[in-house]
Amino acid sequence: MASSQRRGPTTKTPAVVGLTALRNCLVNLPSGLVSVLVSSNTPAQNVVVELSWRVKAPPQAGPLTGPATITRQAFAGWTGMPSKRQPLQPQGAGSFPGSQRSNSLEGCVEIDSAFARNVGLTEGSKVNILLHVDPPTTHTIHIEPLTASDWEIIELHATFLELNLLSQIRAITFAHPLTVYLSPTSTASIKVARIEPEDAASAFGFAKIAPNAEVIVAPKTRQRRMSHQGKSVKAKSLASTRHGKRRDDGSGPSGGGPVFFRAISLPHESFDAAEEQKGAYCVYLDPEVLAIPALRGCAFVGVVVVRPPGLAPPPDANQANNDVGGSTSPDAPEVIKPSLKIVAKLLPWKNAPDLKHIAISNLLADALDIKNVVGCVIRIEAAHQQLPKGSTTKVIIRPYSAGTLSSSAASEQSSLRWSGKDWKSDLAVRRVKEVLSQKTVWGEDILGGPLSDRLVLPAIPDSPLFAGGILLLDGSEVKHGWILGGDRKYILELGSEITTSRPHVPLSISETALPVLPPGRIVGVDKAINTASNILTRSASVLLTGARGSGKTSLVSVITSILKKKHFFHVLPISCAKFADERLQTIKDTFSRAIAEAKWFSPTVIVFDDLDRLIPAEVEHADSTRSRYIAEAFGKAIRDLKSSVLGPGNVVILATVQAKESVNSLIVGGHIFREIITLKAPNKAGRRQVLEQAVGGLSDEKSSPDTSSIRVKNPAALTNGPEPTLKIEKGLELLDIAGMTDGYMPADLQLLVGRARHEAIVRAVESGSDDAEADLVLGKKDFDKAIKGFVPAGLRGVKLQTSGAAWKDIGGLTETRKILLETLEWPTRYAPIFANCPLRLRSGLLLYGYPGCGKTLLASAVAGECGLNFISVKGPEILNKYIGASEKSVRDLFERASAAKPCVLFFDEFDSIAPKRGHDSTGVTDRVVNQMLTQMDGAEGLDGVYVLAATSRPDLIDPALLRPGRLDKSLLCDLPNLEDRVDILRALSLKLKIEESIGLEDIANLTEGYSGADLQAVLYNAHLEAIHDVIASQDEEVERFGNGGKGKGKVDAGSGNDSIDYISFSMGNKDSTGEPSTQPLTNGTQAARTKFAERAAVMAKLDKLKKIVQGDAAKQVQQQQSQTNQAQEEEKGDDEPVINWKHLQSSLKSTRPSIAPDERKRLFRIYNEFIVGRSGEMPSGQSSTEIGGRSSLM
């Protein structure tokens, strides 16, 4: 039962209506009424506002006259807010009798414009307000939409209406319809059919909706109109409007008027190829459309492309105003304007997708200049009568010229030259008849079908029509005259060449079209293609991001091809790079023209390629006014497009950028794009697919058991003969090549295959093969050479460090190396397994430990062993005293690492880069820490970038960097124990020669407390001692030889000066006695010995050449080489320093541990507190009062 009504103020309060965007059926009351309601503690949910006003009464028929005005009422709820606007002057509203108050003293009631339109109020209307504080309540409401369009909108937003109806409507009435707001751009009108209990609104004419009320919506479907034959016609349009919208009248225009359709130029995959062979110039329509009165019984129709005035090209001043005109120059070829209306045969389209599309044959599309275009608006109507049979006896064909003809060629009519050949007139006519009468190409020959005056003929190679031509009907004075060539006898003549002058439909404001890719050319992005296609077909826009070489343009080409072939979208590509340097007004006009063109050819997908080149992101310390202006113009154009285009999926946007950060923030944050799809670098399986596609696809084993043959398209042949066949070695696994190319983009892989193929060609040329048809075998070594020195596009300009360290060079640290492998190598090696892992992978590690324990060496070795790029950072590289410079260095550093991913970013001496905040007088390190916290945020994660930090004082690092999500795990590089020291010595001894009798365990026992760097110093010092011993022994040999002893160097006395067995270590000048001098070697003696050695080398080369000439070169060279190698090995074995126990003892005496015992204990306590935990004692926060103490900035 309805409760008894309790009114607020009993008198009506005059007010003026003010329209505002409330988006509900509630009103804002004047401040005077609000004060009364607030003082009485009345809830806003219990208030119903009654608005009443007077309007002129409608005229009545008959002698009786009614009242001059009538009263209307509207009921609404209260928002709980007062009006903010001042009242306006009344416009066209009646005034209340006896009211003497001025407008300035009257309040303003604010109401939404859509709701006001439904109830009949306008801006400035004068109303009376009556408040109902305790109105009757209803718990069940039956509503129905006003129109079928309202029902369709409500059905589309049923869930939103269910959740938000009570927040928009509070009072219901039978007196006027109500408005519901279902989306930012759509509203629907409803009316109340019945309420329960039925007597709730009977006494007052309105009721309040209970909080738990049930709302029942009755559907309202469209009424199908019946044709005159009594059958129902589909709701789809038989004669579509300019934008391809459906018409309610399914019978089509009557009386033979024009009918409009949306064109699909053939060939098209939705069209059967067999049907296309039925005619040369013809159009295809659904059989149901052929039954409408305008087209019933028509065999031929006139076809015209409708061009809107706003998109028409500017008129050509060189052309005459009439249809046939010429140039002012007597020597220039004649210009004939083609006909805009062409008569074509009308045929049924059995598998038509709907009733609004029309298929245009290939030749007709070429004549109308809409070849390979979807979306043009075509007007067709029944063709008028043919020309009388006696009026036309000649058909003249005027070929198009490739260029301007000379005067002699223009005057010479007996011999004409086309396509590089001289054609006699009779021969040319016969050739034209032959090519235009072929039935195998177009199904029906051109000359046997409908021939329209000034019909454009296609370009036919190896004929006088090599550039196309135009057909003229001699004696035709009727505009758009035509004849049926198969029913007439006429004389075919070939006229002189003319200059082409064809009207162009503005199909694209950019001359650069998207690349046309063959089927299956792009691989590994099926998910992105399906996602983008589904989103675009649902009237949402997509932003495609990806680095250079990721295949954005190729992917866009595939997506637009799908939309064009399967969903009949018109594609409008715009290359933004071409407009990047244009004037702002030119860019704005380009946007306007693109939007207008897209609306005309809708549904349309507008492709903005390289949008970040036109609208880059705003940067610091630079003027970004131009970018912001263009971004605002772009956003306004898109918003105007969305608000003006009706119907789902009319115009959508597909844009490509390198990253969402590279484009202006107004574009990404302006609700322009519904979805952002990122093209990342392909994984290992994806790279394998790209490599297979690049080499032509793997095939089964062919005739050769060792190779699998692949025929590649257009390979660079070694000769001018047949193209060679590229063969892939059977043992070559492209998966291994994919594992070596981590981080490569598809474009990089394509270039890599080209480099490998070039290496194979070079190898084949160097092999001296005379077989012109020899197959090229692409092997692993070709890819190894191609990868060597190759820098992917994403890494060009990125400074990377290289390290020669490997696992074998590192001893000890077994557990630490294991964790590093798990963190860095396993996600790359076992990518499919980790892709399904639900846990977040570690991306940051802290290496801490005693100085000299191998932290830096471990970090440099892990990058090379795991196949990752390596960037090393020291403190001074990023610290800068200027405000903002250090933060920019950190940002640039992480951007470099992201560009080089997978990459290891190594911070050495991390405690100097990121100390605890609050203890820096300049604040530089504090800002660096804040920036690093932002870059290493655990919520976002670092994709492909691993952070390694090394320090010996982890207690000095800011604790925020050590939390999970940043530096997830800390690894201790402890002092080596006995086993670790043996392992370290074993790794170091690989590059040195130690006496076999010395055991590494003995050295390890004597080096307790030594770090890895100390052990390296011990061995290197011992190696230096061994080198000194070798040098001393050689000096002793030289000294003994100089004293006449038998040393290593001696000369055979019987051989003389011309025969040299070997060169001695010391050969001084001979004195008068003929004995070698024992004086110390001077610069002169050294020069003489060098000259003697050079002479001996020249004699050896001459002897070698002499033996080669004698025909015994190979054997002699081999014997000499073996003797030389043997002598070098013996000499090397004799001179190589060997570390013995004496050298090690000497080294141990001079080498001490780099870490003192006290320092080692102190560091042990620090590391123990870092692992176990710190005490709860915290500083008081007061600044230090000591002399020289630093005060905190926090």
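Using the three backbone atoms N, Cα and C, a Cβ is placed for every residue, glycine included.
Among the ranges 73-95, 1062-1084, the one that Swiss-Prot lists as region 'Disordered' is 1062-1084.
DSSP gives Lys855 (ATP binding site) a helix state. Neighbour count (other Cβ atoms within 10 Å of the Cβ, all protein chains): 27 for Cys853 (ATP binding site). In the structure as shown, the Cβ atom of Arg548 (ATP binding site) sits within 10 Å of 14 other Cβ atoms. Look at Ser550 (ATP binding site): DSSP puts it in coil. Of the listed binding-site residues, namely Gly546, Gly849, Pro851, the sparsest Cβ surroundings within 10 Å are found at Pro851. Neighbour counts were taken as the number of other C-beta atoms within 10 angstroms of each residue's C-beta; across the binding-site residues Lys552, Lys855, the minimum falls on Lys552.
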